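Have a look at the structure below, then the notes.
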Amino acid sequence: MAPNIRKSHPLLKMVNNSLIDLPAPSNISAWWNFGSLLAVCLMTQILTGLLLATHYTADTSLAFSSVAYTCRNVQYGWLIRNLHANGASFFFICIFLHIGRGLYYGSYLYKETWNTGVILLLTLMATAFVGYVLPWGQMSFWGATVITNLFSAIPYIGQTLVEWAWGGFSVDNPTLTRFFALHFLLPFVIAGITIIHLTFLHESGSNNPLGISSNSDKIPFHPYYSFKDILGLALMFIPFLTLALFSPNLLGDPENFTPANPLVTPPHIKPEWYFLFAYAIVRSIPNKLGGVLALAASVLILLLIPFLHKSKQRTMTFRPFSQALFWVLVANLLILTWIGSQPVEHPFIIIGQMASLSYFSIVLIVFPTIGTLENKMLNY
């Protein structure tokens with residue numbers, strides 16, 4: 001019998017082992033769809049971004065006009081721009097759900113996969129941040145100024161670091177140029193780290209909702225999960241296209257319709273919705289350095305999660321107390337997101353401080369305690 005090229009060709013063999021003949025657990029639910037959705041989001045963002053970059057000018061006097069020109073005069077430029085801007089939102093929705101799945105089902109116990117995932121999240125956040133500055137609207141400019149200025153709180157080297165990042169004494173032309181270079185580069189870095197992420201995942205194989213070994217019952221990825229992923233993709237693209245075509249500016253800031261002006265500060269400086277939870281945590285601490293440390297901790301805390309797992313069971317499927325706590329954490333993050341969008345005044349200040357405190361308390365103290373308690377209740 002002639003050898004199957006899919007299994008013998010050096011390149012196709014790799015694709016085959018990753019996407020076609022990959023042995024997958026037979027019982028993974030729709031929560032396992034988000035990995036492939038993230039891959040599609042990345043490809044969509046790279047494609048639309050590349051098309052936008054061909055019409056964009058990274059210069060403070062031309063950036064705003066070049067984006068407006070793209071939307072008005074380039075064939076389907078408005079569509080490409082709307083897909084790119086809202087694609088970022090869907091990218092973050094998918095990554096948050098993907099992380100939530102990992103937390104709920106104990107996927108973080110695959111430490112290498114989890115750690116590369118956290119690095120991917122940080123890189124994605126950096127990419128989205130520098131990208132938000134490029135249209136050079138009011139919120140772009142002031143967002144860049146406020147967030148980069150936080151680094152000046154780092155003792156001894158802070159101010160030097162910020163001026164080095166800006167390329168001057170304020171956010172100006174050199175800043176915009178380097179942010180464009182970074183925004184162009186980082187998605188390809190994300191693609192590279194994604195390959196590493198998948199390599200680590202395929203070392204162990206996927207986890208499943210029961211948290212037990214699935215070696216006794218595996219099915220090929222294609223056709224089962226390839227078709228399931230296509231269904232997930234269709235279900236994601238419906239709200240994505242609805243948003244991009246019917247209300248493309250819903251998640252944007254109206255301030256960005258005004259070109260950047262260093263002499264006029266917007267009344268409420270706030271980032272895009274997907275950074276609001278972290279922004280609320282920064283603002284809840286009156287000290288600048290404390291705020292920066294809390295900001296870093298709010299995301300880096302994910303790296304500690306494998307070490308805070310005290311339960312004898314991997315997933316939360318059969319742990320009702322941990323489940324309740326998980327949803328309290330989700331509600332807490334939604335409250336933080338809401339607080340981040342509100343002005344710094346009573347009662348939002350105290351609500352933000354309580355939500356920030358409970359966020360760290362739940363993850364660092366309550367989760368391990370509940371896990372230990374459940375072990376005792378089940379006589380483990």
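Even glycines carry a Cβ here, placed using N, Cα and C.
The heme b b562 binding site annotation in Swiss-Prot covers His84, His183. Annotated heme b b566 binding site per Swiss-Prot: His98, His197, in sequence order. Summarising the annotation, Swiss-Prot assigns ubiquinone binding site to His202. The transmembrane segment annotation in Swiss-Prot covers 34-54, 78-99, 114-134, 179-199, 227-247, 289-309, 321-341, 348-368, and the record cites similarity to another entry as its basis.
Geometry remark: His84 (heme b b562 binding site) versus His202 (ubiquinone binding site), CA distance 30 Å. The stretch in closest packing with the transmembrane segment (179-199), judged by the count of Cβ pairs under 8 Å and taken from 34-54, 78-99, 227-247, 321-341, 348-368, is 34-54. Each of the binding-site residues His98, His183, His202 was scored by other CB atoms within 10 A of its CB, and the lowest score goes to His202. Just so you know, the Cβ of His197 (heme b b566 binding site) picks up 21 other Cβ atoms within 10 Å once every protein chain is counted. Within the chain carrying the transmembrane segment (34-54), a Cβ under 8 angstroms from the stretch's Cβ atoms is held by residues 70, 80-81, 83-84, 87-88, 90-91, 94-95, 97-98, 101, 183-184, 187-188, 190-191, 194, 229, 232-233, 236, all 6 or more beyond its ends. Under the criterion of 3 or more C-beta pairs below 8 Å, with sequence separation of 6 or more, the transmembrane segment (78-99) and the transmembrane segment (348-368) do not qualify as touching, having fewer than 3 such pairs. Taking only the Cα positions, the spacing between His197 (heme b b566 binding site) and His183 (heme b b562 binding site) is 21 angstrom.
Same-chain residues lying 6 or more positions outside the transmembrane segment (227-247) and placing a CB less than 8 Å from one of its CB atoms are 30, 33-34, 36-37, 40, 79, 82-83, 86-87, 89-90, 94. In the structure as shown, the Cβ atom of His84 (heme b b562 binding site) sits within 10 Å of 20 other Cβ atoms.
Looking at the residue listed as 'ubiquinone binding site' and His183 (heme b b562 binding site), their Cα atoms lie 29 Å from each other.
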